[in-house]
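Let me begin by presenting the structure, written as structure tokens, before commenting on it.
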Amino acid sequence: QLQNKILILTICAAGIGGTFQYGYNISIINAPASYIQTFMNTTWLERTGLPLESNMILLLWSFTVSAYPLGGLTGAVVAGPMAIMLGRKMSLLLNNVFVIIAAALAGFSRMAKSFEMIMLSRFFTGMNAGVSMNIQPMYLAESAPKKLRGAVALTSASFTALGLVLGQVIGLRELLGREESWPFLLASNVVPALIQLTALPWFPESPRYLLIDRGDKESCISALQKLRGTSDLSAELEEMLAEQAAVKGQRAKNPWELFQNPSLRWQLVSIVVLSSAMQLCGNDSMYFYAAYVFQEAGIPRDKIPYVVIGTGSCELITSVTCNMIIDYAGRRPLLLGGYIFMAGWAIVFMVALSQQTQISWMPYLSMACIFAYILSFGIGPAGVTGVLPTEVFDQMSRPAAYMICGSLLWFNLFLVGTAFPFIVKSLAHFCYIPFLVVCVCTALYVGFFLPETKGKSFLEISEEFKKRNFKTKTRAGFYKGPEEIKTTTL
């Protein structure tokens, strides 16, 4: 029991300063949006004697918002080298420096009468999220026993959802959502960072990193004993030593080397498809629509923030449920189910939006769609996508794979954030058509090409992909897989 306790505490220590920050920092910026825009205007007025035009305020605000994914992209790129040189645990600890800088910048921005400090602060917050989104699932999946690997790595998604909900709660007017307290709201992300800095040093480094990257067998055994207790470690150690032998003489790979390596072709295609789909499936855009739809459904304007907390809680409940079932149900069924349901709900949502004014109960249907869409996303794509790079790549390719994954994730977040308002403008009620296409294509890809990784050792998974990567050459004559699929893309 004690050992399970150590594993659970390791998960919490890594999560609170890790992906929790990603969710938390995405949602705390929504509540004070109008106050910060007013602050930008008054600051400019004091400096130049002229007020800002409204489109200029909007431009400055969109810079502030997009500084976050930009920082995330930077974080995702530095995460790979950090994980290799400093180790997984040390990288997570050092990562808190970015948040402390960000909190100081945001907290003193009003005193210093500088809105540029808020933009910089968002950039550093993004960097912190970029690093933790890559390193935390890697650290946890490498530290977990094989039968719990999916559930343990998936806690990253649960912490993101928990951060989202807590950010929404703390942004309420009753807490830190008032005009005078926005600098404190933006600086409140320093609290989880301090918790992690005090808790995480007590827990072991990833045993796989210690053995395979550092070649330090003693430290690996002592880390395993801490995590697993006195239970027989020989089988697990044997597995790791076999892994070590398989990558002997290799060094950690760079991202571009993965693209050149034919034995990693299907693994790469899989993570590129899935990490792009995770942002391009329109889940985050549902939050964009939430307030409008709730207003149409007749919910009083001052009550809307409380209902929006419901949408965040939806994601939290499903990611926790997903945690419980991933190692029973497997990765594929959850991904497949998630994307198929999302495609279905996207169709219903578009119909409901187009009939919003004609039929009196339509707003309630669109409301149900928002919850259903977020639930479908939470049950599969939200969590499983982060687990896969750990499972389908070996120890030497893993950091590079996460760099590719993370960069795609942040780039697409930026892309959707920038393009969505224009999509809404041009397609109106049918703005979900691009997302629908993404969901259908991803479901097809998962159905036809993604092998199940549940309960297999990392070596077995590598073997399975090796068969796929080299099968195409021997059967080139009548192999028609990818050609058929290509026609469904946009």
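Each Cβ is built from the backbone N, Cα and C atoms, and glycine gets one as well.
Because TrEMBL annotations are produced automatically, they should be read as predictions rather than curated entries.
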Legend entry - Segment assigned the feature transmembrane segment in TrEMBL (from 293-316, 365-388): 365-388
Inset, instruction - Please work out the mean pLDDT for the residues of the domain 'Major facilitator superfamily (MFS) profile' (11-454). - result: 89
Inset, instruction - Might you confirm whether the transmembrane segment (400-424) is in contact with the transmembrane segment (6-24), defined here as three or more C-beta pairs under 8 A between residues 6 or more apart in sequence? - result: no
Legend entry - Spatial neighbours of the transmembrane segment (120-139) far in sequence, C-beta under 8 Å, 6+ residues away: 14-15, 17-19, 21-22, 25, 29, 64-65, 67-80, 82-83, 88-89, 91-92, 95-96, 98-99, 101-103, 105-106, 109, 153, 156, 159, 186, 189, 193, 206, 386-387, 389-390, 398-399, 402-403, 405-406, 409-410
Legend entry - Chain residues in Cβ proximity to the transmembrane segment (334-353) (below 8 Å; excluding those fewer than six residues from its ends, i.e. six or more beyond): 274, 277, 281-283, 322, 325-326, 362-363, 365-366, 369-370, 372-373, 376-377, 379-385, 429-433, 435-436, 439-440, 442-443, 446-447, 450
Legend entry - Contact between the transmembrane segment (184-203) and the transmembrane segment (57-84) (at least 3 Cβ pairs under 8 Å, separation 6+): no
Inset, instruction - Give the one range among 57-84, 365-388, 400-424, 430-450 whose Cβ atoms make the most pairs under 8 Å with those of the transmembrane segment (151-172). - result: 365-388
Legend entry - Beyond the flanks of the transmembrane segment (57-84) by 6 or more, those residues with Cβ under 8 Å of it: 25-26, 29, 33, 36-37, 40-41, 91, 94-95, 98, 115, 118-120, 122-135, 138, 209, 213, 252, 255, 399-400, 402-403, 405-407, 409-411, 413-414, 417-418
